[in-house]
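Chemist: This is the structure I have questions about; it appears just below.
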Amino acid sequence: MQYDHILIRYGEMSLKGKNKKYFVSKLFSNVQSKLKDYPHVKITKNHDRMYILLNGEQPEPIIELCKEIFGIQSMSLAIKVDNTEEAIKEAALYALTNPTNVQTFKISTKRVYKDFPIRSQEMNRILGGHLLTNTEKYTVDVHHPDLEINVEIRREGTFITSEKIKGAGGLPVGTTGKSLLLLSGGIDSPVAGYLTMKRGVELEAIHFHSPPYTSERAKQKVLDLAKKLTRYGRTVRVHIVPFTNLQQTLFRQIPEEYGMTLMRRLMMRISEQVAEKEGILSLTTGESLGQVASQTMESMNTINEVTNYPILRPLVAMDKVDIIDISKRIDTYDISIRPYEDCCTVFVPSQPKTKPNRKKVNELEKRLDFGSEYEETLNNIETIEFKHDKAADEEEFADLF
Ligand code: ATP
Ligand code: MG
């Protein structure tokens with residue numbers, strides 16, 4: 001006997017009433033796409049569970065992949081048996097004796113299929129008795145068992161499951177719309193992207209690139225980060241904006257200390273235009289209040305003025321150490337700390353205004369004249385699309401050595 005299924009429990013979406021069907025089918029297609037390299041597994045769903053029939057595949061790597069899928073609350077290995085008392089007893093015994101470090105257990109039966117002749121309570125007693133008679137070291141503890149063995153009797157068969165494995169939580173990616181992530185090569189913005197995806201948001205990314213001040217390596221780093229994010233969201237398109245001409249013109253025409261504020265406003269305007277063109281309804285940034293000069297309340301107030309798109313800032317109240325912890329966990333940290341030049345740091349003045357005000361900034365901005373450069377920049381945006389695949393992960397891993 002061995003575990004032949006992985007049972008998937010849904011997260012918060014079970015609360016979503018009418019939308020539930022939509023959420024479940026999105027999750028289903030996200031799981032299918034994640035497991036596309038396992039052609040033998042068979043995935044089925046009903047309104048409160050999903051089952052992966054392993055068909056001989058090892059469960060561990062599949063569980064690892066499923067841990068990256070938002071919308072999964074928890075998973076368990078499961079054995080499916082026929083709806084007979086004998087078969088259920090045998091499977092329950094396997095579920096109890098298979099793990100190590102278990103001394104106390106509890107059986108919880110749920111009889112969904114009411115034509116099955118033995119009621120849930122009765123089944124708990126029968127199975128408990130069977131396990132105690134056929135083993136020596138175990139005792140029953142109904143309040144704090146080391147192991148709860150769940151027995152779910154359904155029309156199509158009985159599923160016996162044990163240990164719960166924590167899933168990623170959140171909502172299935174693609175269920176709450178799309179956002180355009182301002183992706184730098186730093187630590188924060190990939191984490192912001194990850195957290196936004198966790199709320200079911202599909203991402204596209206935009207990166208401002210300033211060759212020759214920023215190198216191909218700097219661009220590659222951003223592309224590698226985007227590729228990493230496909231683990232959680234299948235496809236991520238990256239729009240690379242050639243930013244050099246606009247930046248140079250800007251810094252020629254205005255006092256240096258206001259350069260950063262005006263440059264950020266420019267980035268917001270361009271991002272909004274790209275979002276609008278792509279039918280995306282919000283922007284996401286890795287800003288965290290007070291972290292650097294552009295992230296003071298005054299800067300945010302002044303920079304935000306140029307767009308009325310919602311800006312999602314999932315890191316706004318987080319400490320850097322906590323952001324770093326997440327970046328390590330999602331495997332973006334090592335990419336983010338590769339040395340690189342950022343378009344913002346290359347041009348940033350030694351003494352940027354940390355408390356700009358809207359009035360002054362608007363006056364300066366009126367004097368700016370980009371000629372045809374603004375339109376040219378928009379016309380020269382390069383878009384690259386990444387899809388999640390195993391080969392991409394491995395390739396990028398090899399790069400690190
Ligand atoms: P990060 O670690 O994400 O680079 P940061 O702490 O360095 O953030 P800033 O440089 O002030 O902070 O950038 C704030 C946010 O602005 C970033 O999180 C990102 O969303 C956006 N941003 C900065 N530089 C770029 C860029 N070159 N292209 C696209 N977005 C950028
Ligand atoms: Mg940065």
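Keep in mind that glycine also has a Cβ here, set from the backbone N, Cα and C atoms.
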Chemist: Of the candidates R199, R217, R264, which one does TrEMBL list alongside L182, L183, H207, F208, G286, Q295 as binding ATP?
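Modeler: Of R199, R217, R264, R264 joins L182, L183, H207, F208, G286, Q295 in the ATP site that TrEMBL records.
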Chemist: For the binding-site residues L182, L183, which Cβ has the most other Cβ atoms within 10 Å, all shown protein chains included?
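Modeler: When each Cβ's neighbours within 10 Å are tallied, L183 leads.
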Chemist: Rounded to whole angstrom, what's the largest C-alpha distance between any two of L182, L183, H207, F208, R264, G286, Q295, listed as binding ATP?
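Modeler: Farthest Cα pair among residues binding ATP: 18 Å.
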Chemist: If you draw a 10 Å sphere on the Cβ of Q295 (ATP binding site), how many other Cβ atoms land inside?
Modeler: 21
Chemist: When you measure from the Cβ of G286 (ATP binding site), which residues in the chain that are at least 6 apart have a Cβ under 8 Å away?
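Modeler: Expected: L182, S184, G186, I187, D188, S189, P190, V191, A192, R313, L315.
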Chemist: Quick check: in three-state DSSP terms, what is R264 (ATP binding site)?
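Modeler: Reduced to three states, the DSSP call for R264 (ATP binding site) is helix.
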